[in-house]
Amino acid sequence: MKEEVRLIIAGPRGNMGKEAVKLVDETEHFVLVAAVDSKNNGKQLRELPGMPNIDAPVYDDMKTCLEEVEADVLIDLTTPEAGKRHLELALDHHVRPVVGTTGFTDSDVKRLREKAEEKEIGAIVAPNFAVGAILMMKFSQMAAKYFQDVEILEMHHDRKLDAPSGTAQKTASLINEVRPFKKQGHPEEKEELIGARGGEVEGIHIHSVRLPGLVAHQEVIFGGTGQTLTIRHDSMNRQSFMPGVKLAVESVLQLKTLVYGLENIME
Ligand SMILES: NC(=O)C1=CN([C@@H]2O[C@H](COP(=O)(O)OP(=O)(O)OC[C@H]3O[C@@H](n4cnc5c(N)ncnc54)[C@H](O)[C@@H]3O)[C@@H](O)[C@H]2O)C=CC1
Ligand SMILES: O=C(O)C1=N[C@H](C(=O)O)C[C@H](O)C1
């Protein structure tokens, strides 16, 4: 039998948070000991609409929650601003953060990794928990050795706060690990409409689409002489992320540093 893991979930009423609550409820050795929400302070989780019958106190302040509740792991699925603050507070209270929230820059990750190492506890920041998305990123990194021209098209639901997506940024940085810098397109190209060529990360253009009906989708399009290669991943629902969340919770207990990206813990 696996050892019990006591968890706090931040953002339990969100698209991802709801699925994470379900995951914890359905996993035998996971116990939800508290939730941090932007409202509902003082209630029990089971009192919130649509929540399973779990007796776990709801806090509207992460610091108070961490001071009052004994936990092993914090799962954060909130907003870029709250996610960074929560990660830092969790490390201060010796609770291991598993953060799916996006919007972390490389310098945020560096600073928080130093803190995790100083405290000698594990942390995971994963821009995407879906196994297929991790493979899309890895395959893209492989392809970039052979195709140096590449653009990223990411497509998400229209409730998403950040653009470009964390996955698109991570994909660009993985590609840039193996691709020498290249300024793509015509050297004299001019944007007649601001934003028409998308955003740029070290020469890689990223285009963000936001539409109702979409969940989370990305195409990485490579171009070469007389050929193109498109690597595409689609998340049709938020359940697609949950096996990755479970893996991250189980893995973070063994770590003594911050790991950025699920690809670093997948076998
Ligand atoms: N790593 C991954 O695989 C995935 C990551 N995400 C990321 O997860 C985050 C959440 O996404 P969704 O669930 O779609 O968003 P959502 O908007 O449906 O949910 C966010 C929840 O956080 C709550 N919240 C906001 N500030 C808070 C605070 N200070 N304390 C506690 N709760 C707070 C809101 O009330 C809301 O219920 C986003 O950053 C998104 O990019 C989303 C899907 C997959
Ligand atoms: O907000 C979302 O929905 C998602 N966010 C993550 C991102 O920014 O990459 C992961 C996934 O794409 C869904």
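Glycine too: its Cβ is placed from the backbone N, Cα and C atoms.
Keep in mind the model is a prediction, meaning the values are calculated, not measured.
Lifted from TrEMBL, the feature list:
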ACT_SITE  Lys160  active site, proton donor
BINDING   Gly11, Pro12, Arg13, Gly14, Asn15, Met16, Gly100, Thr101, Thr102, Ala126, Pro127, Asn128, Phe129  NAD(+) binding site
BINDING   Lys39  NADP(+) binding site
BINDING   His157, Gly166, Thr167  (S)-2,3,4,5-tetrahydrodipicolinate binding site
DOMAIN    5-129  domain 'Dihydrodipicolinate reductase N-terminal'
DOMAIN    132-266  domain 'Dihydrodipicolinate reductase C-terminal'
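Thr167 ((S)-2,3,4,5-tetrahydrodipicolinate binding site) sits 5 Å from Pro127 (NAD(+) binding site), counting Cα to Cα. Most other Cβ atoms within 10 A: among the recorded positions Arg13, Lys39, His157, Lys160, that distinction falls to Arg13.
Shown are the binding-site residues Gly11, Gly100, Pro127, Gly166; of these, the residue with the fewest other Cβ atoms within 10 Å is Gly166.
A Cα-Cα distance of 5 Å separates Pro127 (NAD(+) binding site) from Gly166 ((S)-2,3,4,5-tetrahydrodipicolinate binding site).
Ligand 2 lies under 6 Å from the Cβ of Gly166, out of the binding-site residues Arg13, Phe129, Gly166. Same-chain neighbours of the (S)-2,3,4,5-tetrahydrodipicolinate site beyond His157, Gly166, Thr167, judged by a C-beta within 8 angstroms of the site's C-beta center, are, in sequence order, Thr102, Pro127, Asn128, Glu154, His156, Lys160, Asp162, Ser165, Ala168, Ala216, Gln218.
Asn15, Thr102 are the binding-site residues among Asn15, Lys39, Thr102, His157, Thr167 whose C-beta comes within less than 6 Å of an atom of ligand 1, given in sequence order.
Take the binding-site residues Asn15, Thr102, Thr167: by the count of other Cβ atoms within 10 Å of each Cβ, the lowest one is Asn15.
Nearest by CA distance to Lys160 (active site, proton donor), out of the binding-site residues Arg13, Lys39, Gly100, Gly166, is Gly166.
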